[in-house]
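Among the features that TrEMBL reports, transmembrane segment is placed at A:12-35, A:41-62, A:82-102, A:114-134, A:141-160, A:180-203, A:215-238, A:271-292, A:304-321, A:333-356.
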Amino acid sequence: MSGKKQITSLQLYMILMMSIGISNHVLLIPVLLHYGKRDSWFGAVLAIMPMLIWACLIYFIVRRSKQEELMGWIQMRLGKWVMHAMQGLVALICLVHAVVTIRDVTMWTHVTYLPRTPLFFITGVFVIFCFFAAREGIKAIAISSGLLLPAVIALGYFVMGANFQYKDYTMLTPLFTHGYGPTFISVLLTCSASFEIMSILVMQHHVRTRIRLRGLLILTVCIIGLTIGPLTGAIAIFGPFESADLRYPAFEQWRMVTLGKYISHLDFLSIFQWISGSSMRTSILLFISVDVLKIQKKSTRSHVLIWICLGIFALCLYPVSDNQMVKWLQNDYYTYMFAAGIVLTLFLLIVAMLPIRGKETKA
Amino acid sequence: MRNILVKCVIGIFLLGSLTGCWDMKTIQDTNYMTAVGFDYKDGKFIVYGQMLDFASVAKQEGGQSTQPPLIWVGKEEGATPSEAFNKLYKTSQQRVFWGHIGAYLFTKRALGQGIGKYTDGSIRYSETRFTQWVYSTDQPIESVFSIVPFFNVSPMSSILMQPTDNYRQSSYIVPRRLFGVVSHIREPGQMIMLPSLDIVKDVWLKNEKPDPKLMVNGAYTLNLHHQLEWFSLTELLGLRWLNEHTKRTPLLIYKEGKPIQNVLIKPKSHIKVRVDGDLPVFDLEIAAATAVAEVFELVDEDTLEQLVSKEVTEEVERTFQHGQNRGADVYGLEHVLYRQNSAAWGKLTNYGTNPLTDYKLGNIIVKVKITNTGMLKMKEKNQQY
């Protein structure tokens, strides 16, 4: 890695909006609806509170690590072995996220609009694209996110507006018909998915401008807002029970769009949204998983990346049914990610609060 | 230099390979299903598919066609609706595309099986959407599918597939799209009044020969408890006052048995429940924005407001009574109870296992507001000189 700082904090936020936005849209919402039903949207709204406090903690870590390379900072404070363990953990988390993202987007593609195109082909093309983006580096990913995100957001508002004719927001109530449990679970799930904001810590050393608290807070609200929007939309159109049965509630809203008598079938626009989100997400995850290993030589990095991509490709084609994956997402994935988020935050907070050692003051 | 050349070759190859897309469907090699009908008989699910000639669907230059539109209706049966559809493929000659279906039509026998059995397959399939109109009928499905609207235009312009404009001009029973049916039917205590279509032969004549047309003649009740009852349009006149979609609905005002004025109303209603011991009582408040459409006999505004209010109240009560007589909660009042007081709802219905049986209407307040009198003044036309 060249030590150059390549992107601005705004670009970093755009990458995160893209990559967390897509998972909060398409992975999280079905799970939220499954557990929270009608209360899920309220849980998502409530999650803003703890997440804002949490964002302040992240900001604290950013400041204490002086926005420098996180692994080096950990090594300086706790030594080489802890750093290696962290490297492994971060890379592992990235790869799990990448596999889930690719599996989801390719299965969706296969089920909805390319039923006759073989799955291995869709997956292959997707992985190859993300490989090149990740190899090109964070700057390329940041620039493409910056180009894609405005269009994705504009389309999001379009689908929201076009569907107002079908929405019945009275379906958002009554709340708490099953006690406060479903709301609480929804809060935890939303937090669990949004903990991914933590990935700025492993990208912060590429950012040449200062990461500010205000930026982090706005980012947090936006990312949770990205969940609340389509979630309330799905409940208002399909009701809590039918939308909990839908495999792709966000996409289903796109299919509803009709403008007058002659314009309908605009769901192809969501392909643009979904593919841009997923490819940016996968690319940045691949990038992080290699970047965190701190390999200096470019050709070695490419080789490692190729092997990672091949591994992901194989895992994505490993025959697990979509239903099994949905079950796994519901039962395990978000629990693990919640645990990982909490443990990592606590760990980094402790690291940040360790007294400054002599070596560090010299550096 | 060599690098650029390689990139160019790859680019050209990629562009070329696009045309060989696996999922390419060409328009002329596809059959487009436009409406689907469901029936049920002797343990078999019967499906109907309607297809139209493209020439009658698309607008053409050089005036309209002089030929009546060509309509094909296919019919198959199977142990499940999807099996019946799969059988339909055997005779469909080309690939069938389901993404342009405009309406689902159910017979009473089909509805008796529960609507979910039919919709699962079509919702699950990636081509169909949630926007189709849903209707019921007591007429043979093939006849309903073969009714041609006016001027030899395609059946895609009938109220089966485009009911909105007609409903906006004269609102009685609100047309339903599939998403509304599947979302509301799963709401506790909700009642869907599914409009039913009839074929009317004696209203319009084409060159002095009867020309059959479609009409909404009533509605079937659909709810979680599979309680299927049919009510005629006359029995359901009160329904329009409580529906939020009602845009413009006519009402003839009588005074002492004599018709005096015709008004057009856009109502806005609000239901509030109070639980009296174990008896939920529903208070209704209806704000009726009224426009005078026809004056036979002049009355002052206050009297007119009172008469309108009386008429609306009576219609609401009458429809409620018709529902009560047949044990159907036509206004979906149980759902209002669930929404406003879910604890009481849980107690009275055992959390939705039993339908709500004991409930009554409380105060019905109709606030009439005369907004305009159309293009004429509200004035007696006296002989003048």
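Every residue, even glycine, has its Cβ placed from backbone N, Cα and C.
TrEMBL annotations: computationally assigned, not manually curated.
Between the transmembrane segment (A:82-102) and the stretches A:12-35, A:180-203, A:215-238, A:271-292, A:333-356, the greatest number of Cβ pairs separated by less than 8 Å involves A:271-292. Residues 102, 105-107, 140-141, 144, 278-280, 282-284, 286-287, 290, 305-306, 309, 312-313, 316-317 of the same chain lie 6 or more positions beyond the ends of the transmembrane segment (A:114-134) yet place their CB under 8 Å from a CB of it. Scored by C-beta pairs under 8 angstroms, the transmembrane segment (A:180-203) has its highest count with A:41-62, from the stretches A:41-62, A:215-238, A:271-292. In this chain, the transmembrane segment (A:141-160) lies out of contact with the transmembrane segment (A:333-356); the count of Cβ pairs under 8 Å, excluding pairs fewer than 6 apart in sequence, is fewer than 3.
Across the candidate stretches A:12-35, A:41-62, A:141-160, A:215-238, the maximum count of CB pairs under 8 A to the transmembrane segment (A:271-292) is reached by A:12-35.
Here the transmembrane segment (A:41-62) has Cβ contacts under 8 Å with residues 32, 172, 175, 182-187, 189-191, 194-195, 197-198, 200-201, 204, 211, 213, 216-217, 219-221, 224, 227-228, 231-232, 235, 345, 348-349, 352 of the same chain, all six or more residues outside its ends.
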